[in-house]
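Note sheet for the following structure.
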Amino acid sequence: MKIRVGVIGCLGRMGKKILNELITNTKVEIAGAVARLGSEYIGLDIGPIVGNNCNLGIKITSSISEVFESSDVVIDFTTKECMLECLKAAVKFKKPLVSGTTGIEGLNLKDYAAKVPILWSANMSIGVNVLLKLVKEAAKLLGNEYDVEIWEMHHNLKKDSPSGTAIEFGKAVANAAKVDFELNQYSHNNSNIRGKGGIGFAVSRGGGVIGDHSVMFVNYDERVELNHKAIDRTTFARGAVQAAIWLCENKTPGLYSMQDLV
């Protein structure tokens with residue numbers, strides 16, 4: 001029996017990619033698709049909208065509750081405000097939730113995850129999450145004798161800075177080095193000399209760059225670089241669908257991440 005997956009934010013860059021990935025994956029089927037209230041696409045079939053030549057029998061709705069009720073698991077790529085509504089619906093309908101929404105500071109995911117399974121990751125790419133494990137290992141092996149610089153570049157419409165993925169890399173380094181992440185961030189906006197063990201962030205925005213990340217460990221003799229470049233958003237969509245399948249099969253309440261999959 002196929003897993004029924006709902007998609008919140010179905011008309012966004014990621015939403016369309018996820019719908020197409022669901023169409024091609026034999027383990028799942030689309031249960032419903034949500035767009036923002038007032039969208040001109042409400043009531044239309046998702047088939048032509050995602051580039052399919054025929055209707056798929058699924059009409060776009062603005063009702064988050066409706067899609068949660070009809071789904072086995074739901075994938076959300078929206079905004080902080082919309083994700084909050086998804087969290088409430090997940091608890092109400094007792095359905096697992098996968099979310100890649102970033103910029104969610106202030107949302108206490110653990111409170112909701114105590115009642116339903118929730119998987120949140122700033123980046124759903126399998127490659128990025130493998131890189132995250134490598135960064136943790138490098139930080140352990142190199143110790144705090146190296147300055148750590150994390151650079152990221154995204155398209156010119158991305159709002160949060162640094163990216164959620166870059167912050168995850170920074171936290172991974174801090175945890176491995178057993179230092180406080182908040183106290184060891186180095187800001188390039190001040191004139192202070194960089195202290196030992198600082199974790200710096202550099203941000204670039206331009207064009208349609210999907211996502212480039214580089215974590216550098218630097219001392220006076222050498223530089224170790226670990227890099228990832230996203231070529232197509234399909235990598236995030238494929239990871240999100242894999243996460244939905246995994247979470248639905250797991251079904252134990254708790255807060256998970258893509259690190260639990262790789």
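Backbone N, Cα and C define each Cβ position, glycine as well.
Taken residue by residue with DSSP, H154 (active site, proton donor/acceptor) is part of a strand. Its Cβ placed at the centre, H154 (active site, proton donor/acceptor) has 25 other Cβ atoms within 10 Å. Annotation source Swiss-Prot lists active site, proton donor/acceptor at H154, citing sequence analysis.
Annotation source Swiss-Prot lists active site, proton donor at K158, citing sequence analysis. All protein chains included, K158 (active site, proton donor) registers 16 other Cβ atoms within 10 Å of its own Cβ.
Look at Swiss-Prot and you will find G9, C10, L11, G12, R13, M14, G100, T101, T102, S121, A122, N123, M124 tagged as NAD(+) binding site. According to DSSP, G9 (NAD(+) binding site) sits in a coil region rather than a helix or strand.
What Swiss-Prot lists as NADP(+) binding site is R36. In the three-state DSSP assignment, the secondary structure recorded for R36 (NADP(+) binding site) is coil. Neighbour list (R36 (NADP(+) binding site), Cβ cut-off 8 Å, at least 6 residues apart, same chain): L11, S62, C82.
Look at Swiss-Prot and you will find H155, G164, T165 tagged as (S)-2,3,4,5-tetrahydrodipicolinate binding site. The DSSP secondary structure for T165 ((S)-2,3,4,5-tetrahydrodipicolinate binding site) is helix.
Candidate recorded positions: H154, K158, T165. Nearest to G9 (NAD(+) binding site) by Cα distance: K158.
In terms of local Cβ density within 10 Å, T165 ranks first among the binding-site residues T102, T165.
For the binding-site residues R13, H155, the largest tally of other C-beta atoms within 10 A is found at R13. Within the same chain, residues at least six positions away from G100 (NAD(+) binding site) with a Cβ under 8 Å of its Cβ are M14, I75, D76, F77, W120, S121, A122, N123, M124, F236, A240.
Here the binding-site residues are G9, G164; the one with the fewest Cβ atoms within 10 Å of its Cβ is G164.
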